[in-house]
């Protein structure tokens, strides 16, 4: 009998550890250039978070309530989205299922990108591009107003290993991770991938928005 109980306890321990590991690894996101994140998002806003509460959002297939965190926000500016202010941002309750934790003091400004929901709401995950506004470069901030949108017909391709190259003229090769050993390096912080007059795409760095006829982009 003791052997049987010990066996059951060991099995339970293994299952608990396996479940914990599964949850820890449940949310996995590939790195995305800020421009690609902007183009993929339904909504991109600058906002402060002023409140937080847990809410029910329907039931799962077993009848259990689905919990979400609702962040009350004060929108400062919308760069992309519907013709109404966003008043609430929803996310999963824990990071294991891609839930996002935000400062609710109202003192910190964020750039928040995510999926639109009805009624002035949006949903975000850890895979969306969410950054403290103060940590963004001047180029990134300027690009939100026009430059990123100009490049949404382009495709930013991450370089997984060296050597690497583009496979189509509408691609820009993102090499930050390989060359600088960090996800958000010089290309992410200072460059946009913009369509050129001939239909191809190229990295562009400049204070002013690029002219339509620009041909010679500054290489990163």
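Numbering starts at 1 and runs along the chain as displayed.
Each residue, glycine too, has its Cβ placed from N, Cα and C.
No curator has checked TrEMBL annotations; they are predicted automatically.
TrEMBL has this to say about the protein:
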BINDING   27  Zn(2+) binding site
DISULFID  27-98  disulfide bond
DISULFID  29-127  disulfide bond
DISULFID  39-152  disulfide bond
DISULFID  154-201  disulfide bond
DISULFID  159-164  disulfide bond
DISULFID  172-193  disulfide bond
DOMAIN    27-152  domain 'NTR'
SIGNAL    1-26  signal peptide
SITE      40  site 'Involved in metalloproteinase-binding'
SITE      67  site 'Involved in metalloproteinase-binding'
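Taking the Cβ of residue 27 (Zn(2+) binding site) as centre and 10 Å as the limit, one finds 16 other Cβ atoms among all the protein chains shown. The two recorded residues residue 40 (site 'Involved in metalloproteinase-binding') and residue 152 (disulfide bond) have their Cα atoms spaced 9 Å from each other.
Within the same chain, the residues at least 6 positions away from residue 67 (site 'Involved in metalloproteinase-binding') whose Cβ sits under 8 Å from its Cβ are 54, 55, 56, 57, 93, listed in sequence order.
Taking each of the disulfide-bonded residues 29, 39, 154, 193, 201 in turn and counting other Cβ atoms within 10 Å of its Cβ gives the largest count for 193.
Taken together, the residues of the domain 'NTR' (27-152) have an average pLDDT of 95.
Between the alpha carbons (Cα) of residue 152 (disulfide bond) and residue 29 (disulfide bond) lies a span of roughly 20 Å. When the domain 'NTR' (27-152) is classified with DSSP, helix, strand and coil residues number 23 helix, 52 strand, 51 coil.
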